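Asks: Residues or ranges marked as signal peptide by TrEMBL: 1-18. Feature annotation from TrEMBL assigns domain 'MARVEL' to 1-202. If you look up TrEMBL, you'll see 81-103, 115-136, 180-198 marked as transmembrane segment. What TrEMBL records for 215-265 is region 'Disordered'. If you look up TrEMBL, you'll see 251-265 marked as compositional bias 'Polar residues'.
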Amino acid sequence: MCMVIFAPLFAIFAFATCGGYSGGLRLSVDCVNKTDSDLSIDIAFAYPFRLHQVAFEVPTCEGKEREKLALTGDSSSSAEFFVTVAVFAFLYSLAATVVYIFYQNKYRENNRGPLIDFIVTVVFSFLWLVGSSAWAKGLSDVKVATDPKEVLLLMSACKQPSNKCMAVHSPVMSSLNTSVVFGFLNFILWAGNIWFVFKETGWHSSGQRYLPDPMEKHSSSYNQGRYHQDSYGSGGGYSQQESLGPASDEFGQQSGGPASFTNPI
């Protein structure tokens with residue numbers, strides 16, 4: 001039930017906070033010659049974070065000439081992989097919810113449905129782990145590439161001590177941090193659901209079928225021991241009677257021996 005409720009929601013939060021992100025930063029370059037200054041340099045970037053394609057112009061503080069630069073790095077592969085996993089996990093969780101609610105009898109008819117569900121759950125657990133880890137590394141690279149201090153180092157005008165360069169506005173990364181958190185929450189949710197899906201498969205049922213009951217085993221061993229004890233007791237009494245018979249016969253033969261010896265005399 002937790003899987004049905006939380007899996008679609010967690011997947012939505014994961015791809016919405018990452019795929020829907022757009023941010024930016026603002027820089028200021030104050031040249032010695034005030035007419036060459038630019039106090040509002042806006043740099044915008046968004047998903048899928050192909051930062052090397054984000055171009056912007058800055059003053060060189062040498063007349064009206066401007067310098068064209070671009071951010072560094074490309075985190076599009078990890079971001080797109082993360083969003084793709086989130087979208088497909090959302091679609092599958094919705095389909096599974098419909099099957100659980102409206103087609104429960106067909107789901108349990110044979111072992112094919114639970115086996116497919118088990119395999120897909122394991123695959124998505126692995127994909128969530130890989131995707132979340134890759135995107136966490138990609139987000140770290142995005143933060144470094146969009147750090148205003150790092151961007152200022154790219155400007156030739158900021159390398160001159162006479163010019164004043166500063167960051168007016170830094171990018172807000174809270175939603176991207178949230179996407180990483182929901183990525184790992186999705187991994188925990190799907191990985192924890194593996195056991196519950198496995199219990200629906202025939203593998204778990206066959207294992208339970210051949211698993212011996214400890215109480216039954218103890219009861220059978222107790223009855224077997226009692227049977228051997230009864231058999232030993234009855235056999236012992238019978239042997240004792242058997243041994244008494246010949247002893248009495250021999251005793252009789254010995255008592256009759258002297259009588260048969262004195263008759264000829």
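For all residues, glycine too, the Cβ spot is worked out from N, Cα and C.
Nobody curates TrEMBL annotations by hand; they come from automatic prediction.
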Asks: Give the mean pLDDT for the domain 'MARVEL' (1-202) on the 0 to 100 scale.
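Replies: Within the domain 'MARVEL' (1-202), the model's average pLDDT equals 91.
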Asks: Near the transmembrane segment (115-136), which same-chain residues lie under 8 Å Cβ to Cβ, leaving out any that are not at least 6 residues past its ends?
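Replies: Distant contacts of the transmembrane segment (115-136): 18, 77-79, 81-82, 85-86, 88-89, 92, 96, 179-180, 183-184, 186-187, 190-191, 193-194, 197-198, 200-202.
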